[in-house]
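**Student:** This is the structure I have questions about; it appears just below.
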Amino acid sequence: MSEPATTTPTPTPAGDHDAAATACKPAETTTALITCRSSSCSAQQQQQQQQQQEEPLGDDQLGELREIFRSFDRNGDGSLTQLELGSLLRSLGLKPSTDELDSLIQRADTNSNGLIEFSEFVALVAPELLYDRAPYSEDQIRRLFNIFDRDGNGFITAAELAHSMAKLGHALTVKELTGMIKEADTDGDGRISFQEFSRAITAAAFDNIFS
């Protein structure tokens with residue numbers, strides 16, 4: 001893999017570099033979606049989650065969720081099987097074990113038909129989307145993306161990712177680099193688009209918040 005031509009990166013606030021280094025680390029846990037329903041969650045956290053369940057998601061958030069849902073509803077029947085839900089979560093950088101996936105299905109499947117309809121999917125993830133420590137705004141994600149997209153062509157290559165992570169003090173092994181590209185590159189074209197980057201960053205941020 002050849003090293004990209006050296007260019008002067010666009011100056012960015014130090015916080016953006018810290019956020020990029022943190023958010024771009026591979027996700028390590030999948031307890032994000034179930035932690036605050038467990039008995040170990042504090043009463044204050046549970047009260048916050050209950051209040052947020054009563055708040056509506058914005059149209060943009062619902063649209064994004066519907067797009068994600070449809071992309072994994074392979075037979076277009078308006079519901080996800082356990083296998084499809086597992087694939088969806090893995091595409092977001094989460095790594096559910098079989099037991100964790102079973103727990104999610106049991107919690108979300110309110111009509112007990114063994115499938116997850118869109119309304120059940122929204123009910124599952126809405127509290128995390130509305131949590132007061134929500135992940136980065138689109139503007140913040142765009143700034144992070146621009147740090148890595150060194151040639152400004154709208155895509156992040158493996159070389160750009162490796163170079164930028166090294167400059168941020170997180171040099172990657174070949175295995176780590178390959179793994180990160182594989183996690184984020186959902187369409188398999190060998191590079192990361194802004195949409196893919198946004199999903200990967202959001203998933204990693206949720207994982208850091210709730211782990």
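Every residue, even glycine, has its Cβ placed from backbone N, Cα and C.
The structure displayed is predicted, hence computed values, not measured ones.
When I checked Swiss-Prot for this same protein, it listed these features:
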| type | residues | note |
| --- | --- | --- |
| BINDING | ASP73, ASN75, ASP77, SER79, GLU84 | Ca(2+) 1 binding site |
| BINDING | ASP109, ASN111, ASN113, GLU120 | Ca(2+) 2 binding site |
| BINDING | ASP149, ASP151, ASN153, GLU160 | Ca(2+) 3 binding site |
| BINDING | ASP185, ASP187, ASP189, ARG191, GLU196 | Ca(2+) 4 binding site |
| COMPBIAS | 44-53 | compositional bias 'Low complexity' |
| DOMAIN | 60-95 | domain 'EF-hand 1' |
| DOMAIN | 96-131 | domain 'EF-hand 2' |
| DOMAIN | 136-171 | domain 'EF-hand 3' |
| DOMAIN | 172-207 | domain 'EF-hand 4' |
| REGION | 1-22 | region 'Disordered' |
| REGION | 40-60 | region 'Disordered' |
**Student:** Measuring Cα to Cα, how far is ASP73 (Ca(2+) 1 binding site) from ARG191 (Ca(2+) 4 binding site) in Å?
**Tutor:** 24
**Student:** Given the recorded Ca(2+) 4 site (ASP185, ASP187, ASP189, ARG191, GLU196), which additional residues of the same chain have their Cβ within 8 Å of the Cβ centre, ordered by sequence?
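**Tutor:** Near the Ca(2+) 4 site, beyond ASP185, ASP187, ASP189, ARG191, GLU196, sit PHE155, ALA184, THR186, GLY188, GLY190, ILE192, SER193.
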**Student:** Taking the binding-site residues one at a time (GLU120, GLU196), which has its Cβ surrounded by the most other Cβ atoms within 10 Å?
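**Tutor:** Top count of Cβ atoms within 10 Å goes to GLU196.
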**Student:** Counting Cβ atoms within 10 Å across all protein chains shown, which of the binding-site residues ASP77, GLU84, ASP109, ASP149, ASP151 comes out on top?
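**Tutor:** Result for the most crowded candidate: ASP149.
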**Student:** Per DSSP, how many helix, strand and coil residues does the domain 'EF-hand 2' (96-131) have?
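**Tutor:** Taking each residue of the domain 'EF-hand 2' (96-131) in turn, the totals are 23 helix, 2 strand, 11 coil.
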**Student:** Using DSSP and collapsing to three states, where does ARG191 (Ca(2+) 4 binding site) fall: helix, strand or coil?
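**Tutor:** Coil, per DSSP.
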**Student:** Would you count the other CB atoms within 10 A of the CB of ARG191 (Ca(2+) 4 binding site), including those on all shown protein chains?
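**Tutor:** Taking every protein chain into account, the count is 19.
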**Student:** On a count of neighbouring CB atoms within 10 A, which of the binding-site residues ASN75, SER79, ASN111, ASN113 is highest?
**Tutor:** SER79
**Student:** Treating G and I as helix alongside H, and B as strand alongside E, what does DSSP give for the domain 'EF-hand 3' (136-171) in helix, strand and coil?
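**Tutor:** Going by DSSP assignments, the domain 'EF-hand 3' (136-171) contains 21 helix, 2 strand, 13 coil.
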**Student:** State which of the following binding-site residues has the fewest other Cβ atoms within 10 Å around its Cβ: ASP73, ASP187.
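**Tutor:** The binding-site residues ASP73, ASP187 were compared, and ASP187 has the fewest Cβ atoms within 10 Å.
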**Student:** If you draw a 10 Å sphere on the Cβ of GLU160 (Ca(2+) 3 binding site), how many other Cβ atoms land inside?
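**Tutor:** There are 19 of them.
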**Student:** Identify which of the binding-site residues ASP185, ASP189 has its Cβ surrounded by the largest number of other Cβ atoms within 10 Å, counting every protein chain shown.
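**Tutor:** Ranked by Cβ atoms within 10 Å, first place goes to ASP185.
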**Student:** From the DSSP assignment alone, can you count helix, strand and coil residues within the domain 'EF-hand 1' (60-95)?
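**Tutor:** Each residue of the domain 'EF-hand 1' (60-95) counted once, the result is 23 helix, 2 strand, 11 coil.
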**Student:** Count the Cβ atoms, other than its own, that fall within 10 Å of the Cβ of ASN153 (Ca(2+) 3 binding site), considering every protein chain shown.
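**Tutor:** Taking every protein chain into account, the count is 10.
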